[in-house]
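Chemist: What follows is a structure written as structure tokens; I'll ask about it next.
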Amino acid sequence: MLMSSFNFPNMISAYIELKTTPVDFRFPTTNQSRHCFTRYIEFHRCVASKGEEAGECEKFAKYYRSLCPGEWVDKWNEQRETGTFAGPL
């Protein structure tokens, strides 16, 4: 078969480099929900202390965006706006 010799994943990897947050040994299990929440908190603490334009906060944004489901982030953003967010910001 012709399709068996076609290596689609290798073809894609030549064009797209996918990255996610680096390993964090504070979160050793496969359940990454706490890791997601912590990265979200770290990002917003960084922005609060260094300002919206701080480049060093961008890494935290990339981390939480790669870990957290969009629905969670939307909910947390709404909670922060209404003052009902449970996290320590």
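Each Cβ is built from the backbone N, Cα and C atoms, and glycine gets one as well.
Just so you know, TrEMBL annotations are computer predictions that nobody has curated.
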Chemist: If you follow TrEMBL, the disulfide involving CYS57 connects it to which of the following: CYS36, CYS46?
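Modeler: Record-based pairing for CYS57: CYS46.
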Chemist: What same-chain residues, at least 6 away in sequence, bring their CB to under 8 Å of the CB of CYS57 (disulfide bond)?
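Modeler: Result: PHE43, CYS46, VAL47, LYS50.
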